[in-house]
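Notes to accompany the following structure.
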Amino acid sequence: MSRFLGSLRDGIGFDLILVGAAMLFLLALAGLPLVYNVLMSFQQVDMFTLGSLLRPFAGFANYVAVVAQPEFWLVTKNTLIFVFASMAGQFVIGFALAIFFAQNFPGASTIRGLFLVSWVMPGLVVGAIWSWILAGDFGVFNAILKSLGLIQATVFWKSDPNFALWSVVIANIWLGLAFNMLLLSVGLAAIPRDLYEAAELDGANAFQRFWTITLPMMRSTIGAVLSLGLIGTLQQFDLFPALTEGGPANTSTVAGYWAWQMSFQLYDFAKGATISVMMFVLVLFASVVYVRSTRHEVRG
Amino acid sequence: MTRPYVPWLLLGLALALAAVYLFPLYWMYVTSLKSGSEIFANPPTFWPMAPDPSVYPAVWTRRTMGTFLWNSVVIASGVTAITVILGTGCAYVLARYRSAWIDFGLFLILMLQVLPASVMITPLFVGFNQMGLLNYPRTAVVLAAAAKSMPFFVVLVRATFMSVPRELEEAALVDGNSRVGAFFSIVLPLARNGILVCAILTFMSSFGEYIYSKSIIQDTALQPASVGLSGFLGPNSTDWNSIMAYSAIYVTPILAVFVLLQRRIVSGLTSGALK
């Protein structure tokens, strides 16, 4: 007994308690719901059996039903567009800004810090602001584009089926850009300066230096940024109710919002769970990439 | 290559980029100060003709923002407390060892946060219902949101712990400290700044928590400000200066804290953290 107590103070027991408390909490509030979701996707669920665990087994019927939904392929396409366009925008602009702010000029880190305000803003507020900026008749975005001569006719960003999804993408890029920039800035700062100086002496131009030094040195950072970006983008929810509510005619519905609509607007909990399990497989892939990318990190 | 005026050109460009990027925030404040008719002026005015802050007190009382914001503070404080207390120790252990088990633990923690909140609600709702927690809806939201924010906190704080030199801790052990003593008297103080920064970020992000609150809290008197905002958002909303005033009241405290602590937050995150 005293050995056990001793190990709590001084040995492996101390570590186990620290990890175990957090793990138990996470397993109860995130692990169990995950299992419950998987379970539910293989069962017949209705309002009356929502609270019970034992329900008629449905096999893959829910999966077949979800794929047979008329909007399934539209939502899949939207999800892919939303995820790739958001990630590409956040990553490319974030990387460009990170490189720009890595230059040596007065106020660089302070101004870069200001960009991070978008990161701490509630998603719903960001959605509300962009909803007003992108409004069709009175939105300032259209006014600016018109005064620059980029568009002639008013674009109804939120209600035109061709643009509704892109209005959420624009808001999401704004929201996630700063976080990408911050992570990439950290990666850039970790690259030793003398590598660049040596390359410059050898006659490498800026593009060659970027290609042969920056990119390879940042491989693990880029992996982390992209996988965290994928997870974050798939989880994005707040912008949809604030901007388009998935409309018009599902043209801006993505998997996460669709799953929520299935469960909480149509009360088809089995289908909602099934969609979420399908998403989960995708995210599993991203997490493997992330964990692999942490392998390359330098230990302090 | 480096001419004396180049840094100043870069500074100018940086300011221009920041102005473009922060325009949405500016637009929020400007819209809230415009009159109802000026909002729909075409083309829009970029500076309000007659700035009128009277919408602020009106929105504050009509939308009972005092209650909403108080609930947001309660929920965010609860989430932060649980996340910091449970997450810090976990991050420390994950940073100290290097083994397949640690990789597995990290992987598990990441996997547990990846399901979108929008689909976790059904199981959580059912579970909380069984435990009778729905009678204490804010507590239920705090628990759910803490589970959501903890993995990110653990990943960030783990990086902070990794930058604490191991030798210091080993020296303390050699000097006769126990693991517990070394943890509290050496490691925690050294990682304090990183933990504080991550705690502030956790608070800020849970201050905007929306989806759990919307689904779990039915009583208006207990709802946070995000749910209050969604109450008058929608495809047909026209009351834009009220909505922007509400948003401004909601985010200005967070933005003020952020700008004040910006330097510390950025340096806390960039010094060795976030690998």
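Including glycine, each Cβ sits where the backbone N, Cα and C put it.
Sequence annotations record features per position, and here TrEMBL assigns transmembrane segment to B:7-29, B:68-94, B:106-128, B:140-161, B:182-204, B:243-261. The domain 'ABC transmembrane type-1' annotation in TrEMBL covers B:69-261.
Counting C-beta pairs under 8 angstroms (sequence separation of 6 or more), the transmembrane segment (B:243-261) fails to reach the transmembrane segment (B:140-161), with fewer than 3 such pairs. Two recorded stretches are said to be in contact when at least 3 C-beta pairs lie under 8 angstroms, sequence spacing 6 or more; the transmembrane segment (B:140-161) and the transmembrane segment (B:7-29) fall short of this definition. Here the transmembrane segment (B:182-204) sits apart from the transmembrane segment (B:7-29); fewer than 3 CB pairs are under 8 Å, leaving out pairs fewer than 6 apart in sequence. Listed as Cβ neighbours of the transmembrane segment (B:68-94) (distance under 8 Å, sequence separation of 6 or more from its ends, same chain) are residues 102, 105-106, 109, 138-139, 141-143, 145-146, 149-150, 153-158, 160-161, 183, 187-188, 191, 195, 198-199, 202-204, 206-207, 209, 213, 222-228, 249-250.
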